[in-house]
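Before we start, here is the structure in question, set down as structure tokens.
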């Protein structure tokens with residue numbers, strides 16, 4: 001027997017709540033009011049109290065029924081009805097004074113019952129219009145229906161679940177109670193609600209706690225955005241996984257040679273011209289522990305993957321040649337690694353060369369906050385030679401040490417998730433993708449969603465070219481079975497069946513299309529103040545490029561002095577030279593603005609900036625740069641005058657003429673040149689001259705414009 005409230009029990013026994021409370025007090029059970037909850041044993045005791053009374057009542061009713069005068073037979077009743085149809089008003093008149101007389105109560109009740117019976121018979125006769133046909137027996141009038149027992153309430157559930165909100169009707173259904181009862185409870189709590197009104201979480205919890213029912217809210221997970229889903233594994237399910245290492249550095253400083261020396265294979269000889277052409281992922285075993293290496297072409301692929309939200313690298317090995325020192329791409333690699341917040345191990349390569357000077361390299365790297373441990377810093381430096389394999393063991397030991405310090409762990413006993421390292425279309429096998437498993441275990445036959453495409457893993461090949469049936473965390477494998485070629489940096493996830501994988505992939509493709517059509521989200525000086533005002537911006541990331549090192553230093557120092565409340569200027573990269581595609585790639589990944597001082601973006605950089613909606617600001621006066629950034633941060637930016645490039649020409653030859661000066665013989669490579677055009681003379685990405693054209697001639701004739709032939 002379940003628990004009941006006092007009023008519910010009273011309703012069940014068809015007695016007032018006060019009567020039940022009185023009975024409980026007689027039983028020495030204290031209750032405060034009709035809302036008090038009765039335990040199952042108390043309900044049972046009350047049942048015993050009420051059973052005898054019920055029996056007596058039934059006996060009394062039976063006695064009363066026997067004492068009543070005999071009802072007339074059906075035939076007599078019909079005759080009686082026929083005779084009295086016309087004397088209805090007289091009978092009514094006779095009945096009135098009967099009430100006034102002080103007759104005894106018992107007789108009065110008998111009379112009223114007889115009168116009610118007569119009325120019923122008269123009404124039945126009137127409906128028929130005539131008395132019953134001769135020879136046919138009239139059915140005896142139905143006996144009074146006994147009062148129906150109280151409706152038994154459903155047992156309360158132990159727990160209910162809901163998603164978002166519930167209406168009063170829905171909550172009542174879940175609790176097995178009438179909506180009116182829920183509305184009454186809400187009213188008692190000071191909440192006015194109708195049957196179709198939505199209830200918030202607090203109201204649902206209050207009602208359920210009053211009934212003693214547990215509440216659980218379901219959280220809807222958008223599986224299409226599985227990159228954002230963070231599955232928290234139990235600590236006992238986590239096991240140690242191999243570290244994922246990326247080797248970065250300047251051209252010809254020995255990145256691939258170093259990896260080749262570690263793997264004991266001839267990767268460099270297979271590459272065209274000894275330069276890495278694609279991203280390769282390899283796994284090596286050191287002291288019974290595995291290390292996964294990603295061999296990237298410079299740092300572009302690293303940044304591309306990071307721009308897509310794929311943080312795959314655990315440790316960055318920065319390769320610097322001992323005879324060459326810190327170069328522009330070395331600085332870029334440092335900035336990329338720092339922006340990704342990845343620990344750096346510096347590998348000073350080529351120490352076997354006579355002109356090698358490792359101490360100079362260490363001194364140069366201190367300018368970029370990479371201080372060696374032996375000099376009191378926290379950066380690990382390894383001196384080695386990839387050619388002679390000197391110092392390799394020390395480097396590998398340091399990788400394992402950093403890995404141990406980082407406590408890299410993953411759960412292999414779940415559906416696999418990870419990142420695409422590279423992808424291509426093979427003529428024989430179709431779309432092929434190199435995947436890096438970051439958690440879970442990938443098996444042959446698993447339904448998989450990769451980026452906006454899907455498929456079923458048909459075959460898996462490891463870095464040695466051998467077929468494998470499953471891949472564990474930090475293991476790179478090449479898979480086939482996808483419907484389309486994904487992009488490098490795309491995330492993948494395994495689902496329960498191919499049908500669901502297809503639905504998720506289609507939804508992701510649709511969402512990507514909508515995002516491409518939507519308004520740009522990249523930060524620009526025009527909408528900077530709006531983003532600051534809305535609290536979206538806490539840091540303003542800038543990439544600074546200038547014509548000379550002195551200008552770079554002066555510009556960086558001036559920009560860092562800008563003080564606007566709530567926003568900090570952060571220089572993520574500053575270098576000498578033209579604005580390149582690599583700068584745009586870094587700006588895309590870091591949501592930064594590119595500032596060019598006396599330099600211009602090359603053609604590829606322009607195209608990339610337009611495609612990725614990166615804001616490039618070009619200036620020739622430092623004061624103007626500072627003023628523009630400060631004004632943008634304070635929301636006082638002047639309207640921008642857009643510069644339209646109508647053509648480009650290449651200087652093929654120069655002629656010096658006295659009294660005139662230098663004449664440039666040009667070949668139009670793009671668009672056209674007009675006589676009233678303003679021109680810039682750019683040499684190796686640096687603006688040498690800016691002004692107007694004095695004269696424009698084709699052969700000896702004065703030409704209004706010069707177009708591409």
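Cβ coordinates come from backbone N, Cα and C, glycine included.
In case it helps, Swiss-Prot gives these features for our protein:
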- 249-256, 295-299, 349-352: GTP binding site (BINDING)
- 47-70: compositional bias 'Basic and acidic residues' (COMPBIAS)
- 105-121: compositional bias 'Basic and acidic residues' (COMPBIAS)
- 125-137: compositional bias 'Basic residues' (COMPBIAS)
- 47-157: region 'Disordered' (REGION)
- 249-256: region 'G1' (REGION)
- 274-278: region 'G2' (REGION)
- 295-298: region 'G3' (REGION)
- 349-352: region 'G4' (REGION)
Give, as a single whole number between 0 and 100, the mean pLDDT over the region 'G3' (295-298).
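Its mean pLDDT is 55.
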Go ahead and report the DSSP secondary structure tallies for the region 'G1' (249-256): helix first, then strand, then coil.
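Breakdown, helix to coil: 2 helix, 1 strand, 5 coil.
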Within the region 'G4' (349-352), how many residues are helix, strand or coil going by DSSP?
0 helix, 1 strand, 3 coil
Counting only residues 6+ apart in the same chain, whose Cβ is under 8 Å from the Cβ of residue 252 (GTP binding site)?
321
Other Cβ atoms within 10 Å is the metric here; tell me which of the binding-site residues 255, 351 scores highest.
255
Near residue 249 (GTP binding site), how many other Cβ atoms are within 10 Å of its Cβ?
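Result for residue 249 (GTP binding site): 26 other Cβ atoms within 10 Å.
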